[in-house]
Amino acid sequence: MTQRFSFEVEARDGRARKGVISTPRGEIRTPAFMPVGTAATVKAMMPESVCATGADILLGNTYHLMLRPTAERIAGLGGLHKFMNWDRPILTDSGGFQVMSLASLRKLTEEGVRFASHIDGSKHMLSPERSMEIQKLLGSDIVMCFDECPALPATDAEVAKSMALSMRWAQRSRDAFGDRPGHALFGIQQGGVTKDLRAESAEALRAIEFDGYAVGGLAVGEGQEAMFGVLDYAPDMLPEDKPRYLMGVGKPDDIVGAVERGIDMMDCVLPSRSGRTGQGWTRHGQVNMRNARHKDDPRPLDEACGCPACRNYSRAYLHHVIKADEIIGSMLLTWHNLHYYQDLMAGLRDAISTGALAGFVADFHAKRAGGDIEQL
Ligand SMILES: [Zn+2]
């Protein structure tokens, strides 16, 4: 097995790429979807089950883990992989996004962000240096630069100022990360929905040099059309021979559109979060399993799906356990949703490698437009 981090593009179809990221902890097939394991767990899933859905990598959240149980405690217990019993690659975010969305009493300065924990009000500081230290303590395979993401809508001047700060923090992140063979550091492009700012950000990141590049600052409420508008040009500003990661995306049709535009990696809480609220994602779109129409339905949620929820249980059973707030309802629907997302990624990879992406995407949209199977 390789001792270094590398990326190879194996096939292209239009702007879409199929490839593989190699790390000492295993390979990541791209385009890749990363389930989110916020607090050292993908909620309602055993790590073995996450693995069985076909996930090569998962995401951990620096902000949550630094507060509880703390990065130092996890390091003392052998690192995040051992702690949560997941031996494949882990990507950690920098904490920057969540400190802005979850913490209170935030104070942003050139140095970093001071804030109070949303759990117990305790005072903390996150800076590029501290974020790199935490992600190293966790033992993360792919480390993200500490950046600032302004909420949209924002004025061009606000976005430009924030982007410039993020680029100074990117350099500090690079310096603090140091030389760690086998571990990767990704830079994050900012610039909102403004092309010139995106170009300026990409140029700054390319000068620093990273192992991969994220398109940041999207999926923050700008809407799919605006997001695709940025993805029509932003990925092409980033180095061709490095992985490109779209943070926090998304719904299945967001993912398909992003892959068509040259994105290699994505993450989102959606499949796991919606699994806990009774929402199933299938080839036919979103299905609300709380709906009474499933009450007497002996058919699987999706007959084409190979996951345990679809192989062994009926819609009627899923409806019952969700309505009764039984824990297995969250477990089964989360498993199905993660399985569906990984099936979608495998389908995209196959289509790209055979030059059949356009047909795959047309079929994807046609099936969704048809809606869920008819009520019995
Ligand atoms: Zn299923």
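Positions of Cβ are set from backbone N, Cα and C atoms, glycine also.
These come from TrEMBL:
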type	residues	note
ACT_SITE	D93	active site, proton acceptor
ACT_SITE	D267	active site, nucleophile
BINDING	D93, S94, G95, G96, F97, D147, Q190, G217	substrate binding site
BINDING	C305, C307, C310, H336	Zn(2+) binding site
DOMAIN	15-368	domain 'tRNA-guanine(15) transglycosylase-like'
REGION	248-254	region 'RNA binding'
Task: Beyond the flanks of the region 'RNA binding' (248-254) by at least 6 residues, Cβ under 8 Å - done: 97, 218-220, 224, 227, 266-268, 270, 281, 340-341, 344, 364-365, 368
Task: Mean of the pLDDT scores, which run from 0 to 100, over the region 'RNA binding' (248-254) - done: 96
Task: Q190 (substrate binding site) versus C305 (Zn(2+) binding site) - Cα distance in angstrom - done: 38
- [ ] Determine the minimum-neighbour residue: among C305, C307, C310, listed as binding-site residues, which Cβ has the fewest other Cβ atoms within 10 angstroms?
- [x] C305
TODO: Please check each of the recorded positions D93, G96, C305, C307, H336 and report the ones with a CB atom less than 6 Å from an atom of ligand 1, ordered along the sequence.
DONE: C305, C307, H336
Open item on the list: In whole Å, how far does the CA atom of D93 (active site, proton acceptor) lie from that of H336 (Zn(2+) binding site)?
Closed with: 25
Task: Site extent for substrate (largest Cα pair distance over D93, S94, G95, G96, F97, D147, Q190, G217, Å) - done: 16
